[in-house]
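> So TrEMBL lists the following for this protein:
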type	residues	note
DOMAIN	23-287	domain 'NADH:quinone oxidoreductase/Mrp antiporter transmembrane'
TRANSMEM	59-80	transmembrane segment
TRANSMEM	92-111	transmembrane segment
TRANSMEM	151-170	transmembrane segment
TRANSMEM	177-195	transmembrane segment
TRANSMEM	201-220	transmembrane segment
TRANSMEM	241-266	transmembrane segment
TRANSMEM	278-304	transmembrane segment
DOMAIN	290-342	domain 'NADH dehydrogenase subunit 2 C-terminal'
TRANSMEM	325-346	transmembrane segment
Amino acid sequence: MTVTTLTTLLLALGTGTSLTFVSSHWLLAWMGLEINTLAILPLMAQHHHPRAVEAATKYFLIQATAAAVLLFASTTNAWISGHWDIQQTSHPLPLTLVTLALALKIGLAPLHSWQPEVLQGLSLNTGIILATWQKLAPFAILLQIQTPNSPLLITLGITSIFIGGWGGLNQTQLRKVLAYSSIAHLGWMVLVLQYSQPLALLALLLYIIVTYATFTLFTLKNVTSVKALFALGAKNPILTTLLPFLLLSLASLPPLTGFLAKLLILKELTKQGLAPTAALAIMGTLLSAFFYVRIAVATALTLAPNVMTSTAPWRLMSSRLTMPISISTVLAVALLPLSPTLLALLTY
């Protein structure tokens, strides 16, 4: 793919997301989602590999289905209420259809089955976009629709937390592990969305930071399976030291960055009188924490059964930029002390 084509697709990707951000009209928001989808499809199929083409085809069909349901729901809302304003969507029927369509777009359980398979068929660079940037536009619409005391969102959130933890237990491919991690984290965001939108935004921001750092580290050494992590210590001991911290941050263990969002979400749920829901969310997170710790152990405490006689790879100069991974890793691990500042910025 040429630089001009890649730049055009990335600009279209940003334009579609930005259009959805600034839209208060259903048709404009829907148009932004469609531009976003059409822009990422060539990026997904650029390697002309059967797995990549299959992933792009699955993604197109799923997104087209969700877009059709979303357009039908917005048209139904306009027919019932007489307006196209997103924030004025209050009738239960279009509200439920919109929520389910957006849940399908971002991969919330039980509408999640496409996400692990699609992410597994993509390259790591495209996987970063799918796991982070592609969540922004549908999440922006979820923030705009009014859903007070919606049992549907709570059900989707709890189901996503358990499915995301359960599905990642026996996975050996890192892209599938990160896909189930995405499902579980999105469940936490949706769980608190109707009670505190700043908390949901904070959880989304921290998820993007930690996931970007993890994907970038895997991309730097082209690691795609747990088995390949065994030899990472001999190739690059510094990255081997950093990776367990990123994984434990995804598992939301203190005092790492990922702990902040879930602590505040649990506090908010308890304040809203949803202590049983918070307890279920904690139990679901234990499943996710298990496979994060398993990968961390495989990385830091397991040595590959081979002896390298060549020049040590970490002594060779790298031609890749390391500044993005340095900044994102620091933010993904050490952002917890800045939590009062982050909360003040989000609630301002």
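Here the Cβ of each residue, glycine as well, is placed from N, Cα and C on the backbone.
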> So, taking each listed stretch (59-80, 201-220, 241-266, 278-304, 325-346) in turn and counting its Cβ pairs to the transmembrane segment (151-170) that are under 8 angstroms, which one gives the highest count?
278-304
> Counting only CB pairs under 8 A, let me know which of 59-80, 92-111, 177-195, 201-220, 278-304 has the most with the transmembrane segment (325-346).
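The stretch with the most close Cβ contacts to the transmembrane segment (325-346) is 201-220.
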> I'm a bit unsure how to read this: which one of 59-80, 241-266, 278-304 has the highest number of Cβ pairs shorter than 8 Å with the transmembrane segment (177-195)?
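That would be 278-304.
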> Averaged over the domain 'NADH dehydrogenase subunit 2 C-terminal' (290-342), what pLDDT does the prediction give?
70
> For the transmembrane segment (59-80), which stretch among 92-111, 241-266, 278-304 has the most Cβ pairs under 8 A?
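The listed stretch sharing the most Cβ pairs with the transmembrane segment (59-80) is 92-111.
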> So which residues does the transmembrane segment (278-304) touch in its own chain, when a touch means Cβ under 8 Å and the partner is 6 or more beyond its ends?
157-158, 161-162, 164-166, 168-169, 171, 174, 177, 180-181, 184, 187-188, 191, 226, 229-234, 240-241, 243-244, 247-248, 250-253, 262, 265-266, 269-270
> In terms of Cβ proximity under 8 Å, which residues at least six beyond the ends of the transmembrane segment (241-266) contact it?
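Residues 181, 185, 188, 191-192, 199, 202-203, 206-207, 209-211, 213-214, 217, 229, 232, 278, 281-282, 285, 288-289, 292-293, 295-296, 299-300, 329, 331-336, 339, 342-343 contact the transmembrane segment (241-266) from elsewhere in the chain.
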